[in-house]
Amino acid sequence: MYKFFINRPVTTFMFMLTFIILGIYAYKNIPVDRFPDVDFPVVSISTTYEGANPYVVDTVVTREIEEELASISGVDSIIAQSYTGVSRISVVFDLGKDIDVAAQEVRDAVQRAYRRMPEGVDPPVVRKLNTSMAPIMAVLVHGDVDYGVISYFADKVVKREFERVRGVAEVHLGGFRDRVMWIRIDPERLHSRNLTVTDVIEVFRKNNVETPAGSIYSKNREYVLRIIGKFKNAEEINNLILRDGVRLRDVGHAEFSYDELRNAVRFNLKSAVALIVYKESKTNTVQAAEGVIRKIEELRKVAPAGVNIDINYDASVFIKRSVADATHEIVIGSLLTALVVFLFLGSVRFTLIPVSAIPISILGAIFVLYLTGNSLNTLSLLALAVAVGIVIDDAIVVLESIYRRNEEGLKGKEAATVGTRIVVFALLSSTASLIVIFLPILFLKGPVGVFFGVFSFTLITSIAISFLVSVSFTPMLSARLVSVGKKNVFMRAYDRFERIFDVALRWSLNHKLIVLVLSFATVAGGLQLAKITKKEFFPVVDEGRFIIRFETPLGSSFEFTNRKAREIEKVLMSNPYVLRYGMAVGEGLVSPTVNGGMFFVTLKDRSVRPHQKVVMNMLRDELRKIKDVRASVEVPSVVGARGGRQTDIQYVVRGESLEELGRIADNLTSFLREKGGYADIDTDIRINQPEIKIRIDRDKLRDLGLNVEDIGNTLTALFGKFWVGTYELGSESYDTYVKAEESFLKTYENLKKVFVRGKKGDLIPITSVIEYELGPGYTVINRYNRQYSFILFANLRDKSLGEAVSEIEGFLRDRLPPGYTFEPTGQTKEFQRAFAGLALALIIAVAGVYMILASLFESLVHPFTVMLTLPLAISGVFGLIYITGGSLNLPSYFGVILLIGLVARDSVLFIERIVQLRKEGETVRDAIMKARKERLRPILMTTLTIMFALLPVALGITEGAELRQPLAVAVIGGLTTALPLSLFVIPVVYEFFEGIRFRFRRT
């Protein structure tokens, strides 16, 4: 094949030009994102049962739905929460499950369950979700104007305009209170006029109707009768006659106002309405964000006077910086590799030959990514950075072989043909080895499989194109540009190095035991470092943003929680590294109850602050000082997010008793605090919510002609909020609620002032048919896969993930009662799943490489000779990780997998040439020395080019480098020890095995 390209330069050039043109087109049109899409199909079910406590909701709603969901296939987990008046269930399906099919199966199951639910339960709402539909922007509407102006503009204008932007899936509002028609009732005045709240509701509903009433027919026309009976304003409602001589204003009042103040949003101390923008699945984040930004510029021109629109968070900013910096790393790495080639070959003309392979291979890989629907993201760019070194390595091997043929007297096409022929088989074998190494990664399951599947696919594509370029374009150019010239200073220095290396190699071959002992000591030292190396899932990426979740004690009012939120604001405002923040407190956007909230913190530029981990720890220490506040400082998840909280540690514990689970949770959190090294320790179990338990005397109810529903409706209409219809204002419709006056809600003793109407028409004190008492209750009842549960959350501080997992699982194994189980979830689950999958992938990769090498050498022994370089490399991996203060994480683990191919690649070049020379009749020692002479320079060049290509990545000084740096550090560290050791150890081991084989044959 290579002869065709050598003899057809124009055809070859056109072929490569096609790669470049297609690659440039793809580069301009390929989607740009931070990460590959991880599409976990999630279906949510929300069911309202107004006024029911969590226990009732759990019993008659949640468990009924769970029972039907159990028959659906492909479910990864069912996570349920029962709150006061609402059940929320998330059904997480296996990766790859069609979201539309999943949603339809859930709807069918929910409909079956709904038939068994009591009256008063609203129809469940089923929604399709997708974890790749991530929030890409947080926009805040605020100003020094009336709240009504801000809320109307945010809801009716900004939200609707955002939802029209291409790529935007939906927009959620926070800090928004809709307009509501309130009918406030004074129960004491009601009683004095012989009325009950249910009387008011009945009269209102009968008088607030708009309904058709038939038709009138004339000779040529038909007239439709329509009764217009809806109230037009609050004054009409106040004048509503409830009974003779009694109007609504006599027992209360109606007002068109806002919904109850149960949540708030602030932006740098100013009240605001937040709009959280979610992108569609498979949508380009940068393009969607840019569309929203353009829309904001348009809306600012039409915003009411005094209303401002600001962006608190924009995911595209970090993505653009990270992608740009990763691209710069590729460019700088390419220039450094070109410098290495120039120093070894001493000619700009020669240098351009392998360097020209870089844009062809990289642009070709980008075109394949575009063609297969992938994006240009952190993982694919990291693969391209690695590919730079591999691409130029392939070209160097071919070029150096051709250059050596020139030194031997061959010229032009003949030198190119012979030089390529000598190395093409070794090149094909090393290429196949690298592909075999990364092929199993494509079949890994879970989000890690998707993430690094893109990395592996990009690298495999680049490697395949690189091989094609190295046996076509490189020999074609070399045939016309390579010739032997004068040696530069570096080349003369290299000649001296070769002579010194010859002496050292001969000494090593004569002192095999010393070499092997030194090698063994190096490997042993590396294994010791491996034991003390910190292990984690992913390194913390300094995006300059994080979140603070906080809670006040159970039973705290919104007003109390809001005051505590202002104390947290003061901490943030006093921190010199905080640029801005947005805050949501109370029920709604970020919390199911009024005693919770969340801060979205953005830090100043990296140049004027320490790493965000330092700032987060500073804030943890300050927040701990605030009384009656439990705070957790968290970073958004890199991978494995399926909704909910994202902390380093997450374990779910399941069992049959909520009380026992509460005791286990207390013991577990106490254990972790005593152990130390943990931060933000928390569980989602909430037991001590103050509540008033009401028990009904059913016998008395029956005697009085009443039922439980009468009691429930009466109490809800006074102490909750009871929906009685809608109020029309122009083209908009607003809810109408009945509720007691605020002054009546201050004490539970006012239950004695509530009356219901008996079957004889008389008013009966509600306390005559009920008993009530104060006591602890549940804020939420959690279930996981149809069992009561709680989830442990914790972040790590001066402790590795592996150590934490060992401590927590050890505690739970020893302390859980019979029938209670635990399992990791969230990032902990993905950590264990990922490393188990990667361990299997590593075994398959090693086996695959062995099979290829065995085929290449026609030997079952010499593949082990080549693969001895891997343990030599491991010592360098952990050595450099230790020196740089890093950890063994998923990216560095992939660096180790990559090393299998890279170190085997260099050894293959050496051993393959020795085998060739042995077949030509050379002795073992002569074959080793001649192979050294021919292959030392390409081995040094290929190793150094890989290291220099990854050097900009390893320095970790750019945006998002924390995710790319570990792989580069692992590879550079491994090659640093593998290169010098393998140059001596591989020949020693090869001669050792050959000696054994020779003696075995003689006997």
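Just so you know, glycine gets a Cβ as well, placed from its N, Cα and C.
Feature list (source: TrEMBL):
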type	residues	note
TRANSMEM	9-27	transmembrane segment
TRANSMEM	326-345	transmembrane segment
TRANSMEM	352-373	transmembrane segment
TRANSMEM	379-402	transmembrane segment
TRANSMEM	422-444	transmembrane segment
TRANSMEM	450-471	transmembrane segment
TRANSMEM	513-530	transmembrane segment
TRANSMEM	834-857	transmembrane segment
TRANSMEM	864-884	transmembrane segment
TRANSMEM	890-915	transmembrane segment
TRANSMEM	936-955	transmembrane segment
TRANSMEM	967-993	transmembrane segment
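Under the criterion of 3 or more C-beta pairs below 8 Å, with sequence separation of 6 or more, the transmembrane segment (890-915) and the transmembrane segment (379-402) qualify as touching. Touching of the transmembrane segment (864-884) and the transmembrane segment (967-993) is concluded from the presence of at least three CB pairs under 8 A, sequence neighbours closer than 6 excluded. Sequence-distant neighbours of the transmembrane segment (352-373) (same chain, 6+ residues past either end, Cβ-Cβ under 8 Å): 16, 19-20, 22-27, 29-30, 282, 330, 334, 337-338, 341, 380, 384, 387-388, 391-392, 394-396, 399, 457-458, 461-462, 465-466, 469-470, 473-474, 477-478, 481-482. Only pairs six or more apart in sequence are counted, and the transmembrane segment (326-345) with the transmembrane segment (967-993) gives fewer than three Cβ pairs under 8 Å, not enough to call it a contact.
With respect to Cβ pairs under 8 Å, the transmembrane segment (513-530) is most closely packed against 967-993, considering the stretches 422-444, 450-471, 936-955, 967-993. Listed as Cβ neighbours of the transmembrane segment (9-27) (distance under 8 Å, sequence separation of 6 or more from its ends, same chain) are residues 359-360, 362-367, 369-371, 376, 465, 469, 472-473, 476, 480.
Here the transmembrane segment (967-993) has long-range neighbours at 382, 385-386, 501, 504-505, 508-509, 512, 515-516, 519, 522, 526, 861-862, 865-866, 868-870, 872-881, 884, 886, 891-896, 898-899, 902-903, 906-907, 910-911, 914, 924-925, 928, 932, 936, 939-940, 943, 946-947, 950-951, 953-954, meaning same-chain residues at least 6 beyond its ends whose C-beta is under 8 angstroms from one of its own.
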